[in-house]
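Undergrad: Sharing a structure below in C-alpha cells format, with a few things to ask.
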Amino acid sequence: MKKGIHPEMKLVTVKCACGAEHTFYTTVDNIRIDVCSNCHPFYTSGGKGGVLIVDTEGRVEKFRRKYGDNY
C-alpha cells in the first residue's frame, strides 16, 4: 500500500432517527440514518410476513393520490 494516500479510519457513532446509536469504523465524521435494525419493519415485525413499507419521504402517499389505492 502507498503511504499517505488512504483516508484515516476512525470510530464513529451512527445515530438513527429512532434514537438508537451504533458504532462503526469509517472515514466519515458524522452519520445520521432514518432506519436501522432496531426500527426497520423487517427486523421488528416478528415474522408476520406481510408487505413492509418504510416511507419517510411521503412517496407512497404521493403515488396513492396520483393513481389511487387500486393500482
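Residue 1 is the first one shown; counting continues down the chain.
Positions of Cβ are set from backbone N, Cα and C atoms, glycine also.
Relevant sequence annotations retrieved from Swiss-Prot are reproduced here:
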- Cys16, Cys18, Cys36, Cys39: Zn(2+) binding site (BINDING)
Undergrad: For Cys18, Cys39, listed as binding-site residues, tell me which one has the smallest number of other Cβ atoms within 10 Å.
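TA: Per-residue Cβ counts within 10 Å for the binding-site residues Cys18, Cys39 bottom out at Cys18.
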Undergrad: Taking DSSP three-state, what's Cys18 (Zn(2+) binding site) in: helix, strand or coil?
TA: coil
Undergrad: Applying a 10 Å Cβ distance cut-off over all chains shown, what neighbour count does Cys36 (Zn(2+) binding site) have?
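TA: Result for Cys36 (Zn(2+) binding site): 17 neighbouring Cβ atoms inside 10 Å.
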Undergrad: Could you tell me which three-state DSSP class Cys39 (Zn(2+) binding site) falls into?
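TA: Where Cys39 (Zn(2+) binding site) sits, the three-state DSSP reduction gives coil.
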Undergrad: Long-range neighbours only, meaning 6 or more apart in sequence with Cβ under 8 Å: which ones does Cys16 (Zn(2+) binding site) have?
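TA: In sequence order, His22, Arg32, Ile33, Asp34, Val35, Cys36, Asn38, Cys39 meet the Cβ cut-off.
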